[in-house]
Every structure is written in C-alpha cells, then in structure tokens.
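Working notes, beginning with the structure itself.
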Amino acid sequence: MSNLLVFDNSVVTDEALVANIMAQNQGASHQLLERIGTQVQLPANTYASIQVFTKSPQPVTLPASLLETLSGALAPGGALFGAVDGSQVMDFIMAGLAQDGDKWVKPAATGTTLLKKSGGGPKKFAFKRASPATAAPSTNGTNPAATVNLNSVVTLSMDDDDLMDEDDLMEDDTNLSMPIKIPAKCDPGPGKKRRKACKDCTCGLKEMEEQAKDAQLAAQNTVTLSAEDTAEIDFTVQGKTGGCGSCALGDAFRCDGCPYLGLPPFKPGEAVSIGGASDL
C-alpha cells in the first residue's frame, strides 16, 4: 500500500517546498486538495496514510464530502493526519474515522464467525437421579464426608410435553349453580337485617347479593299487561284508537291487517258493519 500527499494551493506555489516534501516521502503519490472529488477520483481502500500539507499557520478545514472521499481512499487501518482541523470531530466520526492521538484512523474490518447448530432440533434437558456418592472431605480434615440422601433428590424431565387443558381445572356447571352456604358468623339470624358483604368477601354472601340484584333487575324489566291493555280495541267508539289511530280515515291510512280495509271512511261512534254483520 502506498502513501498519499495532499497539497493545498499555498504549497504548490512554492516549488522548493514541494521538492523538499517529495524528497522526504519517496515513492508517495501526491494530489492537489482542490482537485480531489471534482477532477480526480481516488481509488478506494488503497492508501496506508494520507497527509495534508499547507503553508498557512491555520489548519485546513475539510468539507464533510471531502472527508468521506479521503476516508474511502484509506485502506482499513490507514490514517489521515497533517494540517487538518482537529475541531472537526463530528465530521471525522461521521466519515468513519476514529481519533488516535493526532491521527484519524480508519478502523480495520473484523471477520464475522457464524455459529452452526449441531443436531436437527432443540435439545431437551433432563435431570436424572444422582448415583450414590459422597462429598469430598473438607481441606482441614475435621469434617466427615457427607452422604447424599437419594430420597431427597428430585428427578425432572422435559421430555414430557403434555400440557394441561385449563378448562379441565374448572368444575362442572352443575357445581357452579349449587346453593351458596353462608357461614354462621355472617348470618344475623331470624328477624335481623343481614349485613352487607365484606369488600374481600370469600364466604359467598357477595354472590348471594349479586343474585338478588340480578333477580330484581329481571323483575323490573318484565312488562305485565292488564285485561284493559289486552282487550280488543273498538275503533267505532269515541276515544278508542288503534296502533295507528287512522282507521276511520279510510284505506289510505289503514294498516295491512286492519279489519276495516275496503270500508269507506267513517266517524267515531258510527255503527260499522263488516261482512254484512253489525259490530254493535
């Protein structure tokens, strides 16, 4: 890998300075800073080092795009240094360079190792009963060897993949509908008002209260019709009206099942004959 010398305009105007720099870096390539990226394209991953030169006492501020070009031209592990502006820390980092003293180094590529699985499927762990053994004696030799109690060893195996159905853990519906037995301490006795269930009631009193409340709501939602409500409505009597209230106005205002379909309009209280028979 070769080295690259980058000169700005202030350096190339001094031929003696250029000759001196080239003599100290024999075999190195050189480019004009202002031509890189516009008129000259640098090869990628080629240079072991890139050194920037200027005659100005101030360091050279490199644009972010030029930094990316120089970083791409560096070989992995190569360094950029010289008259560069060290305050451009974020620009150097964004270009993929890491600071190493007064140099900015392109990190070397690291290989990736893929781990291969052995076997076709996932392994299952099994814990088997330990064989009779004795513990090692202590280093001071005062404690006797302790024997392993085989009765206390638990054998676990993950080969059994059977899962328990959670529905099997529930009792039958017949058991859920069994009457709730209230403990004696929660029963106030005959003639006394029963107290309310506790917040964290476990004796069944809370369930009884909920059942009573549900029964009360069901009774409230039941509609009971009296004989007056279910009596057949006589549309010829003053004040009596049907569901639509328009039977006396004629067929245009009568329902499909109205018994007066086909009859002319009539006045309330008027005797109306249906099928030759009077309704009086």
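Cβ atoms here come from the backbone N, Cα and C positions, even for glycine.
Swiss-Prot annotations:
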type    : residues                       : note
BINDING : Cys186, Cys198, Cys201, Cys203 : [2Fe-2S] cluster binding site
BINDING : Cys244, Cys247, Cys255, Cys258 : [4Fe-4S] cluster binding site
REGION  : 1-121                          : region 'N-terminal SAM-like domain'
REGION  : 122-176                        : region 'Linker'
REGION  : 186-203                        : region 'Fe-S binding site A'
REGION  : 244-258                        : region 'Fe-S binding site B'
MOTIF   : 244-247                        : motif 'Cx2C motif 1'
MOTIF   : 255-258                        : motif 'Cx2C motif 2'
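Annotated features taken from Swiss-Prot, shown on the structure.
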{"residue": "Cys198", "record": "[2Fe-2S] cluster binding site", "Cβ neighbours (10 Å)": "11"}
{"residue": "Cys201", "record": "[2Fe-2S] cluster binding site", "Cβ neighbours (10 Å)": "14"}
{"residue": "Cys203", "record": "[2Fe-2S] cluster binding site", "Cβ neighbours (10 Å)": "16"}
{"residue": "Cys247", "record": "[4Fe-4S] cluster binding site", "Cβ neighbours (10 Å)": "26"}
{"residue": "Cys255", "record": "[4Fe-4S] cluster binding site", "Cβ neighbours (10 Å)": "13"}
{"residue": "Cys258", "record": "[4Fe-4S] cluster binding site", "Cβ neighbours (10 Å)": "17"}
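Helix, strand and coil counts under DSSP for the region 'N-terminal SAM-like domain' (1-121) come to 33 helix, 36 strand, 52 coil. For Cys203 ([2Fe-2S] cluster binding site), none of the binding-site residues have C-alpha atoms inside a 10 Å radius of its own C-alpha, out of Cys247, Cys255, Cys258. Cys201 ([2Fe-2S] cluster binding site) is 60 Å away from Cys247 ([4Fe-4S] cluster binding site) when you measure Cα to Cα. Between Cys198 ([2Fe-2S] cluster binding site) and Cys258 ([4Fe-4S] cluster binding site), the C-alpha separation comes to 59 Å. It is 59 Å from the Cα atom of Cys201 ([2Fe-2S] cluster binding site) to that of Cys258 ([4Fe-4S] cluster binding site).
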